[in-house]
Structures are given as structure tokens and as C-alpha cells.
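A.B. asks: Following this message is one structure expressed as C-alpha cells.
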Ligand SMILES: Nc1ncnc2c1ncn2[C@@H]1O[C@H](COP(=O)(O)OP(=O)(O)O)[C@@H](O)[C@H]1O
Ligand SMILES: [Mg+2]
């Protein structure tokens, strides 16, 4: 056991199509690690295997401590209240007291009786993070923190994540399509391409790697071109 | 006028039975997406066992509880067989429940024979306005009201109830937070079995039970449940009561042979309207 997460030679196939091919990845204790890659690269598949939601075809996964998961698309219980959504996050740990989450996200306190399906995307992302924290995790996996959210909302969520990481000694694996955001934020990064790790290294070095800048950091220009 | 009040009360009593069977269907479908065609069989099994326990000398209350417990157990068994294997599709599970319903006929006829049975319920006659109805109808209504209130509390305010609601609301998210959705499905089947059993135990004193009484119950229960898209217990309650009253009034004013047709016509109308809007059975999110 060397890290908070150790993935070794992970292979996942969907009905014959290989989504992850011999992937190895480590998130060190107290690390803030990014996994970036284009749509369909296999990032969410890796998260699902890591959190035990799908069974790998090959490879080993070890997690030191409790892992919690902020899923892609936020995955609210839309017709249940914010408070019930949070409370369900403590299902495994039998923790039911949500007060600490409202201390962390004061904005949610006024919404506690609202149905989660009626919240904005940013508010739902706060609920999704709060729900994951209810499990008292040692390791937090966030799948697409910024997707579909306004820049100001993203800034606030990033601040929260950094605070959590530093004050709680939380090890974080952040999955992001916004590579610039991820490389600015994290210490170390992996680049996933078509189910394989194409590159990895300290984030500041990857941010200057021509292969990364060409493929991922020109993203804003690519998006407007499309 | 007194005729009408009498028909209304007896209709509500009969309808409460449909509502209980229907809410069992809803409890199971919300969580598992399976339409449980064995649902009427839970009522029959519970009623038959209660009749045996009462003739064996057990007191009221104990015998009925035994019947409901058998319904719950039968629900669990059907659940294990229908959804126990991971990856079974709701369509396959539906066929399995249909098969188990038929198998139940064989078991029931083997143990209890094919003759109608009944047992006494609450004796006496209640006077409501100038109508006189058997007091047992009022007992059915009171128990049903309490059960539906308890269910609302259970689903909204208890941990297992919230977990069942969570599975119904977003199955994937339920897995994300670590809820074992298969186990919750089995809990839903057990609950559905108990609700079906309760319907049988409550309504048999004012009707009769034979091994194939489940047909009337499942048709009416399904008609009530489909009104609420197979996902809303309170709409199912309203639907069941409405069906019971309509049928009793139709029968009371001379259409006794057409009771089941009332339910079938209502069910088909609702299904056709819903199919035009959303597809054959309303798909909840995921
Ligand atoms: N349930 C599934 N069944 C079949 N193929 C899937 C399934 N989920 C994802 N895939 C495929 O696996 C590949 C990786 O998907 P995913 O892990 O969601 O990528 P990412 O999160 O990086 O966008 C894609 O080609 C996708 O179409
Ligand atoms: Mg993804």
C-alpha cells in the first residue's frame, strides 16, 4: 500500500468494447490528483470501477480508508428534500446528522426543505459534495466538478474543495474535462486517452507539455470552433 | 338514499381491499420496476391460512396476523426468485411472478381444496344515517386508513423507508451512496406481500376466498395502481376506493354481472391515455 488509491493494470470491457485498458494510477495520501481526458476516454468508467459500481475484468484496486463519490451529472434524488439527499449520503456510516454540512455550505441551509430536483446546477453540485462528505470519507472522487456550471459557481466550488482538502486531510481524485482548471488546482495529473494512460506527471510540468497544450489546453478555442 | 349510503360504505370497504393490493404493487414497482402479477396470490394465501388458524381455535388478531405474516413471507420468496439473480430485467421478472402466481394455485388447491372459504370478522351491524351496514366494513376502512398513514410516515421519516424512496427516485444514486438496491427490492416485495395479505385478511369476512380470488384482486388492484402510474400510493388509494364504490353502485342498481368489466374498462382507458403520452408503462427517471 503506497497511496490513498492504488489502481494497477485495470481493464474494463463493456459487452466486448474495451473502455479501460491496463490502467495504473496512484493518488498519494493527502494528494490532489487530476484525471483529464476527452469525452469517452473512460474517466467515468474508472470512477465506477473504483467505487465498486462495476466489476473490472482485470486488475486490482486498493483504497486506504473510506471512499466517497460525487458522481458525474450530480445524480440527485430529485423528488426528495435537500436534507434527505444529504442524510442518505450517510447511509453506509449510519451518520444522520446533517448540521456539519450546512456549516460547510451555508448556502444550503435555507434550501434544506426544497426538493433537490428544483435546485440550480451549482446548488445540486454542493448537495452532491455534501452528500459524499456525509460518508466521512478519507478519499473523495469528484467526477466532472465544473461540467455545465457558470464560471463563478465553479470558482466557489473549487474554493470549497481546496478548503476540504487542506482542513480535513482528504485525498482527492478530480476528474475534469476542463484541463486548465484541473492542472491549476492539482499537484499531479494523469491524461487518459481511449482507455489508456497517455501521460502523467506533476501538474505544472504537464501544463507545459506540448502534447497537453495542443490537445487539451486549446480547449476553449476548439469549443468555439465547433 | 339509505340504499346509496349503504352501497357507498360497502363499496369503500371493497375498494380498500383493491387499494391495499394496488399499493403493494406500487411498493414493489417503485423500487424494482417489476409489475408483480403474484400480488393477488398473497391475499389468497393470507386469507386461507387465517381461516385454518381460526378453525384451529386461535383467537382473532393472532390468526389474522399469521395470515399477514405468511403474505409477507410469500412476498419475500417471490422477490428472491423474481429479482434474486443480478441483472434480471424487469420484463423477465414479471413473467416469473406470473408463473409463481399459477404455481400458487396448485399449492393452495393441494392444501385447502377448491371450495370457497370464509371466516367471521367483526360481528354486528352499524347504523350510518338511515343505512345499516355490517360493522366489518367500517373496520376495513379504519384499518386501511391507519395503514396508509403509517406507510406515508414510513416512506418519508424512517431510514429504511427513505432508502426505498431513494431507490425509487434514482436507482443509480442509491447505489452511489451505498444502498444495496437488490436488498431494498426484497424489502419492497416483503412489504408488498404484507399489504396483499392484509387485503385478503380484511375483506374475506364480507366476501369469500377461493384459490382464484386473486384475479379480481389483481385486476382491480392493478387498475387502481396504474392510475398513479404504478408509483403513487395515495392516488392508488383514491383509485381503489373509487373502483369499489363504482362497482358496488353498478351491482346495487342491477348490473351485478359487470363488476370486473368496470375495472377492466377503467384500466384500459387509463393505460391507453398514458401510452399515448409516455409509452406502455410510465418510465420513471432511470
Ligand atoms: N454502460 C455502458 N455500456 C456500454 N458502453 C459504455 C457504457 N458506459 C460507457 N461506455 C463507453 O465506454 C467508453 C468510456 O465512457 P466513459 O467512461 O463514460 O468516458 P468519460 O467519462 O471519459 O467521458 C465510451 O466509449 C462509452 O461510450
Ligand atoms: Mg464521464
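The count begins at 1 with the first shown residue.
From the backbone N, Cα and C atoms, a Cβ is placed for every residue, glycine too.
Quick caveat, the model's predicted, so the values are computed rather than measured.
Annotation source TrEMBL lists transmembrane segment at B:6-28, B:40-59, B:65-83, B:95-113, B:133-156, B:184-202, B:222-245, B:257-276.
Help me picture these features in the structure, burial and contacts included.
C.D. replies: Through the fold, the transmembrane segment (B:6-28) approaches residues 34-36, 39-40, 42-43, 75, 79, 128, 131-134, 136-138, 140-141, 143-144, 147-148, 151, 164, 185, 188-189, 191-196, 198-200, 202-203, 206-207, 217-218, 220-225, 228, 230-233, 236-237, 239-249, 252, 263 of its own chain, all at least 6 residues removed from its boundaries and within a Cβ separation under 8 Å.
Through the fold, the transmembrane segment (B:40-59) approaches residues 17, 21, 24, 66-68, 70-71, 74-75, 100-101, 104, 108, 111-112, 117-120, 192-201, 203-204, 209-218, 221 of its own chain, all at least 6 residues removed from its boundaries and within a Cβ separation under 8 Å.
Residues 34-41, 44-45, 48, 51-52, 74, 78, 81-82, 88, 211-212, 214, 218 of the same chain lie 6+ residues outside the transmembrane segment (B:95-113) yet bring a C-beta within less than 8 angstroms of a C-beta in it.
Sequence-remote contacts of a segment are chain residues at least 6 beyond its ends whose Cβ falls under 8 Å from one of its Cβ atoms, and for the transmembrane segment (B:133-156) they are 6, 9-10, 12-13, 16-17, 19-20, 23, 27, 121-126, 162, 164-165, 195, 198, 202-203, 205-206, 233-234, 237.
With a threshold of 8 Å between CB atoms, the same-chain residues lying at least 6 positions outside the transmembrane segment (B:222-245) that come near it are 7-8, 11-23, 25-27, 29-30, 35, 144, 148, 151-152, 155, 168, 262-264, 266-267, 270-271, 274, 281-282, 284.
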A.B. asks: In the same chain, which residue numbers or ranges, 6 or more beyond the ends of the transmembrane segment (B:184-202), come under 8 angstroms Cβ to Cβ?
C.D. replies: 16-18, 20-21, 23-25, 27-28, 30-32, 34, 36, 39-47, 50, 64, 67-76, 78-80, 82-84, 121, 139-140, 143-144, 147, 160, 163-164, 167, 174, 209, 213, 217, 221
